[in-house]
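Below is one structure, written out as structure tokens; comments come after it.
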Amino acid sequence: MATDTISSGNYVVLTCTVDGIRTIDITTTRQWSMGENDELLCYNGRINNLRKYEEEILQGNKFSLKIFNVTESDLNEVYQCRYGFDAASKLVVADEPKLSLSLRLVTNLIIFGGYIILTCAVNGIHTVDREVTRQWSMGNDDQLLSYNGRINNRRKYEETVLPGNEFSLKVFNVTENDVNITYRCRYGFDTATYFININESVSLQKSVKSYHSLNMLNISSNSIAGQKEERNFKVNHVNDAISSEHDKETKNKNHIDNIMERENLCTSSEGEGISKTKNSQTE
């Protein structure tokens, strides 16, 4: 029997062909075993695990073993069939997963001075194998940024192996040199690319300008409010000054009236004195 491949979770059927006979003689010993220790799985139709294995005598000179719900422990093992004193073996190995990479930009908006996150997904596996080569590079000259987590500039880049089948690259302090350029992720012998277009950052720059305009608008509004408050203060100050002058004029008028009243009293008293003197002299 030759080498065969199978995926986990499926079933596999191994068939043993006995050359030189037309039909299987059920009185002749039949046997199935596996592994270096030659673990016995079936002997003349008697199965050691009925949920795992099933033997069948086929038409002609063949008999088979069916293995259910294949797991990793069932794979990469040598299986052996025996008929009488003859034996044959077969190596059952795991299927090589069919991998494909996809690279996407996670960051919704690109801000100069901010950061970019690119995520590489390894389709066809459940988790990233750290023993398999991972690489990040950029540009036409394929400049190496990260190799198996070893970064050429830790202030600029950071790689993270994510839960599941993904790993990512974070680019800090984004400048014009980091956009309008192709990024590459590699896993083993597979590669995926992503071109970051400058148009993706233009919209953000506009929003940044709008933000500054809004700040300028707030500043202008505050300035207008301040000018209005200053005008109100000046008006109030003028009103206070007018009121103060009015109070002074009132006080001055009252003071003059008091003086005039006292002078009138004095004049009146003096007239009465003169009149009395003349009367005395007449008498």
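Glycine is treated like the rest: Cβ placed from N, Cα and C.
Features as listed in TrEMBL:
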COMPBIAS  265-283  compositional bias 'Polar residues'
DOMAIN    1-82  domain 'Ig-like'
DOMAIN    97-203  domain 'Ig-like'
REGION    263-283  region 'Disordered'
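Helix, strand and coil content of the domain 'Ig-like' (1-82), in residues and according to DSSP, is 3 helix, 38 strand, 41 coil. Broken down by DSSP into helix, strand and coil, the domain 'Ig-like' (97-203) contains 8 helix, 51 strand, 48 coil.
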